[in-house]
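Worksheet: the structure to be examined is printed underneath.
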């Protein structure tokens with residue numbers, strides 16, 4: 001890999017739990033004319049981390065990004081960059097790079113002028129000339145000969161890569177990406193996603209990424225914050241978000257999921273203390289499901305559990321239910337089957353289409369306890 | 001592990017930054033504020049202060065505040081006709097009976113409203129068929145015709161008046177043409193008809209413009225839905241299209257009423273003092289040095305105009321239908337009929353008759369003026385009138401109007417007011433397109449010059465700064481020519497705002513935010529990103545400002561009284577009675593200058609112009 005002069009002091013810090021937070025939000029709220037868009041959000045993005053804000057539209061993820069960029073100022077709370085409070089610092093002094101969904105290339109400038117625009121206000125990092133820096137960045141985004149082109153003649157994917165090069169050219173401390181791929185078609189999106197991730201890894205730049213696409217969030221991020229109605233419901237690495245959602249909303253928003261509610265009948269194995277695993281028997285309608293959990297849980301609690309469709313096996317597992325096939329969708333590599341069971345919908349994935357009555361089951365370790373209520 | 005603060009590169013205060021760049025960044029950061037302050041200050045000095053002077057003049061008589069001047073005007077039948085008796089406390093029924101009688105007196109204010117109402121009706125009748133033609137038919141030159149509807153905004157009204165004098169005058173083209181076919185001469189000069197036709201020339205395009213825009217935004221699928229539900233074509237028009245046109249027609253009508261209520265040059269030239277409107281009489285009172293009465297009358301006029309405008313705006317607020325048609329109605333070819341049927345032929349016959357009337361109203365003044373400028377008294381071709389313009393007229397007495405001086409003044413004033421109006425307009429456009437509390441107030445304050453007549457501004461400037469103001473022992477006096485440039489700049493800059501602001505408003509906000517994230521200050525974004533992208537609008541605004549200044553008459557004629565700071569429109573007004581030839585030659589020069597401005601506006605900013 002070629003050595004890219006990214007910042008003045010050489011290699012940036014590697015991501016890790018002990019790195020100091022590059023961007024920190026502390027009780028941040030934003031109210032627009034009485035309606036809160038962001039409510040009391042706490043989060044800490046580590047140096048070099050790829051951090052994603054994901055959620056449905058209107059959840060406050062873009063507002064959160066705009067607060068970090070300084071385009072909006074928070075109604076309450078503080079934002080820190082590398083430990084320094086940035087309130088009152090205008091966006092141009094925050095040392096950030098921003099990429100928008102609609103590319104926002106300056107239409108009256110060439111691609112090279114676009115990429116070099118940020119260098120009008122500061123010297124190129126690494127001490128080279130502006131021209132060299134532009135060439136270097138265009139090389140990085142795989143558009144080596146585009147400097148003299150008119151941005152209006154580029155394709156959507158090319159425009160987005162130029163926007164990325166432009167944002168990176170001044171060597172920002174934090175890269176902010178606001179749904180950068182939403183305007184692109186699915187195939188291109190996947191290709192660009194890999195490219196963006198590779199560049200982020202190479203530069204080890206702290207990146208905050210906003211998307212509504214949960215699949216994209218899981219694929220690209222080091223950590224994900226799932227947002228809903230202005231608050232961050234869960235902040236965790238993608239695998240944990242997927243496997244151990246901390247709320248009913250996260251469980252159903254991230255991926256296909258079967259979320260069921262029942263009552264704890266008994267604790268079968270292990271202790272009831274927090275942190276140690278036990279197997280609980282949970283009654284859902286007329287069925288008894290077993291699941292493994294480390295949560296403190298006692299008989300009589302109301303429990304919300306989830307089982308991923310891919311964990312349900314036909315005639316397999318220890319916890320079983322029998323439902324009737326209601327719909328079958330052929331998705332290519334799998335078939336998505338929806339079963340009707342006691343007025344509930346159960347989703348499963350099978351290689352082959354099914355019909356009639358089907359019995360499916362899962363193992364205790366494949367189910368997750370989302371929430372408990374006494 | 002690296003020390004994180006060392007990675008931060010503060011952009012403005014970093015030690016690595018060269019000093020010059022730091023200073024420049026600091027200057028840019030603060031550049032907008034002084035520009036905004038300068039704009040506000042200029043507006044205060046050359047607009048709000050003079051208008052306030054006029055107001056004070058009307059209510060302060062010999063050092064005491066009084067409403068006596070107003071009370072006198074309101075009760076004077078000379079101004080308010082029979083209504084004055086109502087205000088004087090007479091029996092309303094007797095007044096009403098007299099009003100319905102044959103020899104009613106309307107008074108000057110009443111007559112002004114009456115002619116404005118008739119002019120509005122004429123403008124709507126002439127404008128709506130044009131909108132129908134432009135919105136529903138396709139023909140060669142449709143776009144050009146549509147663009148031409150913006151022309152009245154830049155055509156000097158005194159030039160239009162010259163055109164109509166050349167048409168309706170005793171030896172005008174109309175009478176010449178009538179004589180050729182053996183019909184007796186008609187006397188249209190100094191009649192109400194002439195004034196109304198001239199007003200329709202001016203305002204029908206405005207009605208056509210706003211109505212066409214409304215018609216074009218009617219969604220075809222709404223009509224198709226109505227038809228599929230069983231409505232006949234007529235019912236679909238009545239129930240779906242017409243309700244979307246009313247607000248636009250009303251807007252055109254309200255604006256026409258306000259414009260023609262404050263009419264000045266056209267009435268002065270075509271009506272004389274026997275058909276005087278309020279504005280003409282204010283001017284006359286100014287000339288008679290009766291400033292208090294002039295001021296009070298001007299304020300009464302302003303209140304009535306603003307009342308109509310406000311009433312309209314309240315209506316608009318309740319009936320605002322701003323749906324951009326997803327799919328506009330298809331245009332039918334005008335000349336190639338899809339079928340020979342009553343439904344196809346009848347509208348086109350109607351449009352043909354309309355076309356003849358429209359051609360007479362719109363073309364005859366222009367053609368007559370051009371003809372009159374090149375035809376000598378004996379009917380032969382001559383360029384003597386044009387030669388007159390560049391001759392320094394050594395023969396004339398010192399107090400006489402020198403044509404070359406007028407031409408030169410017009411160009412110098414226009415250039416001067418352009419230099420002031422352009423930055424002012426751009427700054428106001430920037431200020432009114434930002435989001436902040438009180439933006440509407442700023443917009444209203446900045447746009448007020450559009451609603452206040454030039455006479456008031458001119459009168460205020462004359463009585464204040466030109467005659468001299470005492471501030472802290474310093475006597476401040478500005479020259480008449482400086483005041484004229486200032487007044488022109490004030491009346492021209494709202495047009496700069498109206499051409500630049502829509503462009504700024506329409507800019508993608510993420511462009512600005514991207515530039516800021518890359519390190520550009522707010523002022524730098526304006527220079528690097530926003531202005532280059534709305535440049536056509538800026539140039540169109542400049543052309544507007546230039547054309548407005550060239551054609552401005554109301555405030556100029558007040559400020560140029562007794563000085564040699566007269567412009568072409570003022571010279572035309574002075575020539576118009578006695579020397580029609582030079583007046584028409586000057587009119588042609590004005591026509592050329594304003595036509596060039598129009599072409600610039602049309603090519604660069606006509607589409608986005610917010611009216």
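Quick reminder: no glycine exception, Cβ is built from N, Cα and C everywhere.
What TrEMBL records for B:109-312 (among others) is domain 'ABC transmembrane type-1'.
What TrEMBL lists as domain 'ABC transmembrane type-1' is B:407-601 (among others).
Annotated region 'Disordered' per TrEMBL: B:1-20, in sequence order.
Here TrEMBL flags B:31-51 (among others) as transmembrane segment.
Sequence annotations record features per position, and here TrEMBL assigns transmembrane segment to B:113-135 (among others).
The annotation transmembrane segment is assigned in TrEMBL to B:147-166 (among others).
Residues annotated as transmembrane segment in TrEMBL: B:178-202 (among others). When Cβ-Cβ distances below 8 Å are used as the criterion, the transmembrane segment (B:178-202) is approached by residues 115, 118-119, 122-123, 126, 152, 155, 157, 160-161, 164-165, 168-170, 256, 259-260, 263, 266-267, 270-272, 274-275, 361-362, 365 of the same chain, each at least six residues removed from its ends.
Per TrEMBL, transmembrane segment is recorded for B:245-271 (among others).
The list of residues near the transmembrane segment (B:291-313) in space but at least 6 beyond its ends in sequence, with Cβ under 8 angstroms from a Cβ of it, reads 54-55, 57-59, 61, 69-70, 73-74, 79, 109, 112-113, 250-251, 254-255, 257-258, 261-262, 278-279, 281-282, 285, 451-453, 455-456, 459, 463. Here TrEMBL flags B:291-313 (among others) as transmembrane segment.
Marked as transmembrane segment by TrEMBL: B:351-377 (among others).
Long-range neighbours of the transmembrane segment (B:411-432) within the same chain, counting only residues 6 or more positions beyond its ends whose Cβ lies under 8 Å from a Cβ of the stretch, are 32, 35-36, 39, 42-43, 439, 442-443, 446, 481, 484-486, 488-490, 492-497, 500-501, 504, 526, 530-531, 538, 541-542, 545-546, 549-550, 567. Sequence annotations record features per position, and here TrEMBL assigns transmembrane segment to B:411-432 (among others).
TrEMBL lists B:444-466 (among others) with the feature transmembrane segment. Panel annotation: around the transmembrane segment (B:444-466), residues 43, 45-47, 49-54, 57, 258, 262, 264, 279, 282-283, 286, 291, 294-295, 298-299, 301-302, 305-306, 309, 428, 431-432, 476-480, 483, 486-487, 490-491, 493-494, 497, 552-559, 561 of the same chain, lying at least six beyond its termini, place a Cβ under 8 Å from a Cβ of the stretch.
The feature transmembrane segment is assigned by TrEMBL to B:472-496 (among others). Using a Cβ-Cβ cut-off under 8 Å and counting only residues 6 or more beyond its ends in the same chain, the transmembrane segment (B:472-496) has close neighbours at 42-43, 45-47, 153, 409, 413-414, 416-418, 420-422, 424-426, 428-429, 446-447, 449-450, 454, 457-458, 461-462, 465-466, 538, 541-542, 544-546, 548-549, 552, 555-556, 559-560, 563, 565, 567.
According to TrEMBL, the transmembrane segment annotation covers B:533-560 (among others).
What TrEMBL lists as transmembrane segment is B:580-601 (among others). Note on the transmembrane segment (B:580-601): residues 150-151, 154-156, 158-159, 162-163, 165-166, 169, 366, 369-370, 372-373, 376, 384-386, 388-389, 403, 406-407, 499, 539-540, 542-544, 546-547, 550-551, 568-569, 571-572, 609 of its chain, located 6 or more positions outside it, place their CB under 8 angstroms from a CB of the stretch.
The transmembrane segment (B:533-560) is not in contact with the transmembrane segment (B:31-51), judged by fewer than 3 CB-CB distances under 8 Å for residue pairs 6 or more apart in sequence. At the 8 Å Cβ cutoff, the transmembrane segment (B:351-377) and the transmembrane segment (B:31-51) share fewer than 3 close pairs (sequence separation 6 or more) and do not count as touching.
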